[in-house]
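Asks: Submitted below is the structure of interest, expressed as structure tokens.
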Amino acid sequence: MIEVKDLHKSFGEAHILKGITTSFEKGKTNLIIGQSGSGKTVFLKCLLGLFEYEEGSISYDGKIFSALSADEKRELRAEIGMVFQGSALFDSMTIAENVMFPLRMFTKQSKSEMEDRVNVVLNRVNLENAHKKMPSEASGGMQKRVAIARAIVNNPKYLFCDEPNSGLDPKTAIVIDNLIQEITDEFNITTVINSHDMNSVMEIGEKIVFLKDGLKAWEGSKETIFRTDNEAVTNFVYSSELFKKVRKMYLEENQ
Amino acid sequence: MKYLHNIGAYFIMIKDIFRKPTKWSVMKTLILKDIDDLIIGSLGIVAFIAFFVGGVVAIQTSLNINNPLIPKYLVGFATRQSIILEFAPTFISIIMAGKVGSFITSSIGTMRVTEQIDALEVMGINAINYLVFPKFIALTLYPFIISIAMFLGILGGLAACVYGGYGTLEDYIEGVQNDFIPFHMAYAFIKTMVFAFILATIPSFYGYFMKGGALEVGKASTTSFVWTSVVIILLNFLLTSLLLG
């Protein structure tokens with residue numbers, strides 16, 4: 001479980017995060033949603049330790065990140081898997097080498113053990129025959145699946161995904177969403193996804209945190225988001241005619 | 001203020017190159033790749049330029065000697081001195097700032113733009129050590145390139161002199177051997193090692209700390225070339241004053 005208390009982050013005069021308090025539960029897909037400029041990416045980068053924050057605390061299963069020593073932080077980071085918006089695959093390595101990279105860096109496994117593990121995770125993301133391809137030869141959806149494989153290869157306790165569906169067609173986006181959901185359930189990890197894809201919200205949002213102007217404006221789940229009266233959430237989530245109709249139908253059916 | 005900030009950030013980066021080293025089994029592969037990219041990959045252009053510039057130096061020297069009292073072997077002597085003291089260590093380094101420096105800045109800058117550096121940092125890897133240290137080690141072989149440039153420059157001078165009809169083989173070889181001061185080689189290689197360090201670190205700095213997208217990668221490469229060249233020229237002046245002055 002990841003707990004965040006009163007998190008503040010500024011860049012010069014700009015106060016981006018204005019005191020966020022929330023938690024992300026183990027074994028669940030937790031979504032952070034909000035408009036562009038609401039502070040989602042800054043929040044995610046604070047969670048990952050890429051940005052230092054001025055006030056507040058972030059704890060991973062009770063361990064307060066800022067209070068950890070450099071070695072403890074390194075150990076914790078080895079338990080984190082991250083899927084970046086643009087996949088961030090190392091373009092000088094093949095797909096198999098990309099997936100093997102965390103194992104080479106953080107384990108003392110033999111080459112054959114690492115290869116076996118790479119085979120397992122690449123099979124898990126349905127990329128059985130892509131080992132020798134370079135990232136530039138893979139489609140956007142394939143790259144995302146490789147990034148997921150790399151993120152889970154070292155059995156992380158925490159999985160972070162920044163806009164995992166951006167740039168993907170709707171069908172592939174659903175495949176990626178389902179894959180993240182399955183992996184979260186299968187390995188019982190704490191998954192945090194930064195997204196503004198409403199399909200993801202409806203599909204896999206077991207917990208949803210809505211940010212607005214650097215503050216948590218609402219939190220709930222994919223079930224409660226249909227019924228909320230919070231104007232900021234409804235204006236954001238149901239901004240399209242399609243989603244307005246979906247919500248109306250849902251509410252009529254569940255009255 | 002911006003310049004002071006950059007200078008401070010540069011020296012902090014230098015410290016971080018040697019902090020929290022990457023696993024040796026991974027680092028070994030990175031070093032070999034950088035030796036291939038930065039050293040082996042530069043041999044062709046350095047050989048080509050050194051040979052022909054050596055030839056031009058010999059021709060220019062020969063054409064500017066009108067006084068019959070000046071010995072003919074001066075062509076070989078002047079070519080050797082120009083190549084060993086300045087052309088090979090300094091001007092090849094300026095060329096390398098364009099070739100190798102731009103490559104380093106753009107490759108690291110592209111990794112920054114595509115979040116590959118963030119990926120390394122999230123994993124708890126010291127990205128500066130991972131990216132810059134192998135380049136630093138690869139460029140310790142830079143004197144090898146400069147030695148080849150020295151040899152080919154003098155050879156180019158010989159070819160131009162003899163086959164262009166500007167002097168005899170005997171005169172040229174006599175000039176090359178005349179009044180040779182071994183310390184000049186030490187001076188050249190001290191400069192070479194200092195420039196190798198500059199070539200590894202300044203372009204890495206501009207790549208690592210760049211912000212923005214593809215356009216900024218191009219701008220960072222240009223800025224990196226300019227500053228690497230400026231620092232090489234200034235250090236050349238300083239080292240020459242200290243070592244030969």
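Just so it is clear, glycine is given a Cβ too, placed from its N, Cα and C backbone atoms.
A quick note: this is a predicted structure, and the numbers were derived from the prediction, not measured.
Annotations for this protein, taken from TrEMBL, read as follows:
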- B:38-63: transmembrane segment (TRANSMEM)
- B:83-104: transmembrane segment (TRANSMEM)
- B:141-166: transmembrane segment (TRANSMEM)
- B:186-209: transmembrane segment (TRANSMEM)
- B:221-244: transmembrane segment (TRANSMEM)
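Tell me what's around each of these sites.
Replies: Away from its own ends, the transmembrane segment (B:38-63) comes close to residues 74-76, 78-79, 82-83, 87-88, 91-92, 95-96, 99-100, 103-104, 135, 138-139, 141-142, 144-145, 148-150, 152-161, 164, 166-167, 172 of its chain (Cβ-Cβ under 8 Å, at least six residues beyond either end).
With a threshold of 8 Å between CB atoms, the same-chain residues lying at least 6 positions outside the transmembrane segment (B:83-104) that come near it are 37-38, 42, 45-46, 49-50, 53-54, 57, 135, 139, 142, 145-146, 149-150, 153-154, 157, 184-185, 187-189, 191-192, 195, 198-200, 202-204, 207, 221, 224-225, 228-229, 232-233, 236.
For the transmembrane segment (B:141-166), the list of distant contacts is 35, 39, 42-43, 46-47, 49-59, 62-63, 75-76, 79-80, 83-84, 87-89, 92, 96, 172-173, 176, 188-189, 192-193, 195-196, 199: same-chain residues at least six beyond its ends, Cβ to Cβ under 8 Å.
Under 8 Å from some Cβ of the transmembrane segment (B:221-244) lie the Cβ atoms of residues 86, 90, 93-94, 97-98, 101-102, 104-106, 109, 187, 190-191, 194-195, 198-199, 202-203, 205-207, all in the same chain and six or more residues away from its ends.
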Asks: Within the same chain, where does the transmembrane segment (B:186-209) have neighbours whose Cβ lies under 8 angstroms from its own Cβ atoms, ignoring anything closer than 6 residues to its ends? I mean 6 or more beyond.
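Replies: Long-range Cβ neighbours of the transmembrane segment (B:186-209): 6, 9-10, 13-14, 17, 84-85, 88-90, 93, 96-97, 100-109, 111-112, 117, 127-128, 131-132, 135-136, 138-140, 142-143, 146, 150, 220-221, 223-225, 227-228, 231-232, 235-236, 239-240, 243-244.
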